[in-house]
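TrEMBL lists these features:
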- C173: active site, nucleophile (ACT_SITE)
- C173: active site (ACT_SITE)
- R44, R153, R154, R193, S194, C195, D196, N204, H234, V235, Y236: dUMP binding site (BINDING)
- D196, A289: (6R)-5,10-methylene-5,6,7,8-tetrahydrofolate binding site (BINDING)
- 27-290: domain 'Thymidylate synthase/dCMP hydroxymethylase' (DOMAIN)
Amino acid sequence: MALTEEQLADIRSRIPARPETDIPMPYEDLVRKILTEGTLKSDRTGTGTISLFGQQMRFDLSKYFPLLTTKTVFFKGLAYELLWFLKGSSNINWLLEHNVHIWDEWADENGDLGPVYGVQWRSWPAPTPEDPNRTIDQISNVLDLIKHHPDSRRMIVSAWNPAEVEKMALPPCHALFQFYVADDKLSCQLYQRSCDMFLGVPFNIASYSLLTMMMAQQAGLKPGEFVWTGGDCHVYDNHVDQFLEQLGCKPYPYPTIEIRKADSLFDYQYEDFKVVGYQHHPTIKAPVAV
């Protein structure tokens with residue numbers, strides 16, 4: 001049952017005060033803003049949301065790895081998911097082999113999801129009369145630009161393929177990202193069209209930050225900024241209580257991450273990543289809107 005305006009007013013009266021801290025809290029600040037200023041909207045899942053449009057967060061990857069500390073974020077899950085994207089796969093069986101179940105709800109009985117993120121990243125269909133099976137490896141192309149044409153404004157990867165959206169189990173939420181090189185630092189901006197602030201966005205922040213650091217390492221650059229830009233930024237009605245709990249938590253300093261350099265971007269393994277100093281509040285569980 002969707003929230004009423006009276007219930008929203010009650011929620012706003014119960015939002016915890018912002019903790020006094022020098023630690024950057026762009027995520028928690030945005031959630032607080034959505035709860036305070038957002039509009040009640042219906043959604044595809046029938047759950048109901050509090051929504052705000054066109055928001056942005058910035059994270060300095062030269063200083064920390066933005067794994068949220070006001071709750072526990074499942075680093076293993078997001079790291080394996082990123083490696084799975086980079087494999088160009090759209091079948092969850094590899095994830096299941098590593099006990100990662102974040103895509104289970106959307107897969108068919110064979111584990112297939114249709115041409116989702118990894119397929120579009122690594123093999124965007126681009127048939128020609130001469131080569132009907134031609135595809136475009138966007139990730140490899142962008143890494144080549146970063147290395148050899150760092151001032152290019154075309155360092156873009158899109159997961160949103162209008163010709164194939166209907167074939168996907170779930171259309172891409174994080175739809176497009178762009179890289180930028182300045183002062184020997186690699187930065188990345190993500191555009192996320194649909195932003196589940198509780199369950200999805202913490203994963204996406206850390207995942208694209210990790211990807212940026214991996215790309216920087218392969219290109220001989222230092223990490224710069226990760227900029228997250230969100231379209232429909234929403235708190236599901238059945239995640240409100242979880243957020244009221246989380247917003248009352250004082251953040252710990254962000255961790256850092258050590259990455260052992262692989263021979264190529266596509267050779268990294270989970271064991272190459274070591275999160276250092278991750279102090280965090282406990283896990284807060286919430287239902288997934290499918």
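Backbone N, Cα and C atoms are what each Cβ position is placed from, and that goes for glycine too.
Bear in mind that TrEMBL entries carry predicted annotations, made automatically and left uncurated.
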Do me a favour and check the Cα-Cα span between R154 (dUMP binding site) and C173 (active site, nucleophile); whole Å is fine.
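Approximately 21 Å lies between the Cα of R154 (dUMP binding site) and that of C173 (active site, nucleophile).
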Counting only residues 6+ apart in the same chain, whose Cβ is under 8 Å from the Cβ of D196 (dUMP binding site)?
C173, H234, Y236, A289
Including all protein chains shown, what's the count of other C-beta atoms within 10 A of the C-beta of H234 (dUMP binding site)?
28
If you measure every Cα to Cα pair among R44, R153, R154, R193, S194, C195, D196, N204, H234, V235, Y236, the residues listed for dUMP, what is the largest value in Å?
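If we measure all Cα pairs in R44, R153, R154, R193, S194, C195, D196, N204, H234, V235, Y236, the largest is 36 Å.
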In the predicted model, what is the mean pLDDT computed over the domain 'Thymidylate synthase/dCMP hydroxymethylase' (27-290)?
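On average, pLDDT over the domain 'Thymidylate synthase/dCMP hydroxymethylase' (27-290) sits at 98.
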Near Y236 (dUMP binding site), how many other Cβ atoms are within 10 Å of its Cβ?
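For Y236 (dUMP binding site), the 10 Å Cβ neighbour count is 23.
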Translate the DSSP assignment of H234 (dUMP binding site) into the three-state scheme.
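In three-state terms, H234 (dUMP binding site) counts as strand.
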How many other Cβ atoms are found within 10 Å of the Cβ atom of S194 (dUMP binding site), counting all protein chains shown?
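Within a 10 Å radius of the Cβ of S194 (dUMP binding site) lie 18 other Cβ atoms.
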I want to verify one value. Collapsing DSSP to three states, which class is the residue listed as 'active site, nucleophile'?
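In three-state terms, the residue listed as 'active site, nucleophile' counts as coil.
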